[in-house]
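Inspection log for the structure reproduced underneath, given as structure tokens.
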């Protein structure tokens, strides 16, 4: 009995020690987050450094300190986990992006965004896969099957939409921001869907039927993920409009919006869909319908709450990646052959450059064929910026690499360790080098972008006001349709010659007649004591 009691005390003591260590780690991490925010504020006016690079550098420096103090045993406070990234950190970032995106710009360029995000991802994945199959066979890094090569293609086709938010300004370069950011979100979703499809198919014996099934599954996941996000957003709008939570508690309104958004993401993951696409379109629908159905105080609260959660998650991710970059366990596997690791990283960076150029310039040419006026066309200088700004690789690539080449955060094979360390190298190099050069490149290639681009592509739907419908106000759209030489579409010919304006016109009629009376929105919420009312005209 005494020995059992002593054993129990020992276990409790070990548990207490473990809990204390976790508390210490969390305290240090929160302190580092605060430090990143303070330093980021001090560097706000710097034309080279953005918040993501600041957090990444602080993470690496912290990892060096921890590595030295622990005697080379560890370099991080927390172990990188793809589950932590995909389940907790990514959803608020993508949802807030959809919630605050300039919808008029996004949907005006929707076809181009889908070309870049979906078709471009497939092209990039194909080029990277072909490249690694060609070059890796000449290096001594172990054996990979066709599934591994395709997974590498999907991993390094994933751009870093988080870092894009930091390096492009939505007000100064709205067209570029809309294209690069919209493509980044769709690209992240496409890369994850592609990666999951690769893992679920037996690609050792491929034929035409399997290839068609693979492509069909890819587009099926795209469509169903988007529709799930739209349905979740509409459901939240209908519930809040019908029940008027604000009469009794604005907290319930805010809580319901947050939980419905997160529920859409979790449901997508539960049914093996793309949670990124789902929560992004849920954010767009909520900003168009649900947000206008809540009380004024809830609008202010949700706007800042979503932005704050996204901001903290972004810093957390880059701090996390910076620390894990120096994980000594992985680097021990490649310490005997550093030249091989450098060669693999160099090959991957080169393939990322080529793979992105292979779809940005040709697809931009195709997109320009459908744009009628010179001001709508994507110039060559803008194409260069789109190509460059999408070269950054980030936490999505890291998470997919861990999923494919690690087990519970650990690597046991030399080939897997080489791929993990090479992924870390590519992420660090692309984020720091390409990220540092993006803003100066924009200023060099588009010196008057703040004036000319804002004038040509002006968009009243600023994320700060949120007081706009999905595709601009009805008055403005009617003026655009009826004036300036653009008659209202009345035939199939008009739909083919001016598709953007035609779709816009028919969407406005459908939205005003059916959607907003049913789901609410600006100007369509009946007055009930304690219910939301529209007190301001569109900005």
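Using N, Cα and C of the backbone, Cβ positions are placed for all residues, glycine too.
The feature domain 'Cation/H+ exchanger transmembrane' is assigned by TrEMBL to 30-442. For 20-43, 55-72, 84-101, 113-137, 218-240, 261-286, 306-323, 343-365, 385-405, 417-437, the entry in TrEMBL reads transmembrane segment.
Where the transmembrane segment (343-365) meets the stretches 20-43, 84-101, 113-137, 306-323, 417-437, the count of C-beta pairs under 8 angstroms peaks at 113-137. 385-405 is the stretch from 20-43, 84-101, 113-137, 261-286, 385-405 with the greatest number of Cβ pairs below 8 Å to the transmembrane segment (417-437). The transmembrane segment (385-405) makes contact with the transmembrane segment (84-101): 3 or more of their CB pairs lie within 8 A, with pairs spaced 6 or more apart in sequence. Scored on C-beta pairs under 8 angstroms, the neighbour of the transmembrane segment (84-101) with the top count among 20-43, 261-286, 306-323 is 261-286.
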